[in-house]
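**Q** What follows is a single structure, and I will ask about it in a moment.
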Amino acid sequence: MLAQSCCLRLLILLLLFTSICSVPKKSLKYFRNRKLRERRIKLFGTKKTEIQSLLISTWNYTDANLQAWSVLQQGHRRTRQAVIQGCMACQNQRCGLLLAGRSSPDTEGALTLEAAIMDGESLEYGAVAGMDGVRNAILVADAVLKYTKHSVLVGKSATKFARSLGYKEEYLTDARTKNVLKKWSSNGCQPNFWRDVHPSPAENCGPYSPLPEHLHQHPMHQEYAITQGQHDQLAFLALDAEGKFHVASQSSGAQFRIPGRVGDSAVPGAGIYADNEVGGAVASGDGDVLMRHLPAFLAVEAMRAGKDPDQAAEWVVQRLLRHNTEFNGAVVVVNRRGIYAAACAGLDEFNFVVSGGKEYLSMARVERVKCLERENEVIDGGPKGLFPTIPEKQEVP
């Protein structure tokens, strides 16, 4: 009986072993793939707790980016303060002569600033445009968002609003401004933004009068030229570990603009846009083209429709090029998980600075995109770590 019992137990164990070994290979492959998928999900950071903080700024000003990044790292819900700090950091020569404000007058020599900030949670937007006499325009834009039911204030009234809140009025024009304007005037007022007027704006300073419509010629000049260090706008995007976005932009306005012109920094969706449910985007380039097409808004909506950040960035730039073949500029797109991409056109190269997004690359690094007039190279990065173009590491103080 004992021998029979032992044999029975051995038979049962043998059957169990055979059953386990006979599991189809497909099932084993399924379990392996499931583990890979779980690992991939973690890598992409789909869970709220797995989103890594990210600070992106256009162009290659690492100092301003680092100042904004340090604010973002200080604690809970600091995206708003971070983008404001980034904009304020560029009110000096380290962010270029035009962004400093004193080298970007209008045709009458006036220096005016514009700025905007957007909350990705509430979708509230605050902006000022054509504001003179107040240096930190981003603070006034933030005040528009916080203390009014409006979205944009302009001109002298924006300055008056700022003064009513205690912001100091400052005379921004100096000798440098006057020299820049004098040199421009002696060069036949070139470049300028007039067209279809008489005398020819390509050769004369005006005053101008309209040409008859049958004499109109389009285009009379190329799009507004943008080069590294010679641009008038800078944008910041901040994403925290909770998936909260803030975006902001500040500009001194296009150099030698017609007085009264409003730029893309003040127009919702042109230079900045964010929605916590989807992601955010910042754009830089020819502001008048950006205002016509709202690329930052389009990029976010493209992601809402299912496009990845790299697809959204490239699609937006291609759309701009279809209507403006000489367009100069770029767009940087970030989804709600912190995956980012950039595309550009009309420049030799577009640079943007990234802090965070990767635990082992948390400090500011400069990403570079080589741009072609018609063909756009896309940089794709973020938590999944794809970088087709790897720049040389830049030393950060």
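Each residue, glycine too, has its Cβ placed from N, Cα and C.
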**Q** Please work out, from what Swiss-Prot records, which of Cys21, Cys95 forms the disulfide with Cys90.
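**A** Among Cys21, Cys95, the record in Swiss-Prot lists Cys95 as the disulfide partner of Cys90.
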**Q** Given the disulfide-bonded residues Cys90, Cys95, Cys189, Cys205, state which is nearest to Cys371 (disulfide bond) when distance is taken between Cα atoms.
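**A** Spatially nearest to Cys371 (disulfide bond) by Cα position is Cys95.
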**Q** Counting across all protein chains shown, how many other Cβ atoms sit within 10 Å of the Cβ of Cys95 (disulfide bond)?
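**A** Other Cβ atoms found within 10 Å: 22.
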**Q** Between Cys344 (disulfide bond) and Cys205 (disulfide bond), how far is it from one CA atom to the other, in Å?
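**A** Rounded to a whole number, the Cα-Cα distance is 33 Å.
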**Q** To the nearest whole angstrom, what is the C-alpha distance linking Cys205 (disulfide bond) and Cys90 (disulfide bond)?
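**A** That comes out at 32 Å between the alpha carbons.
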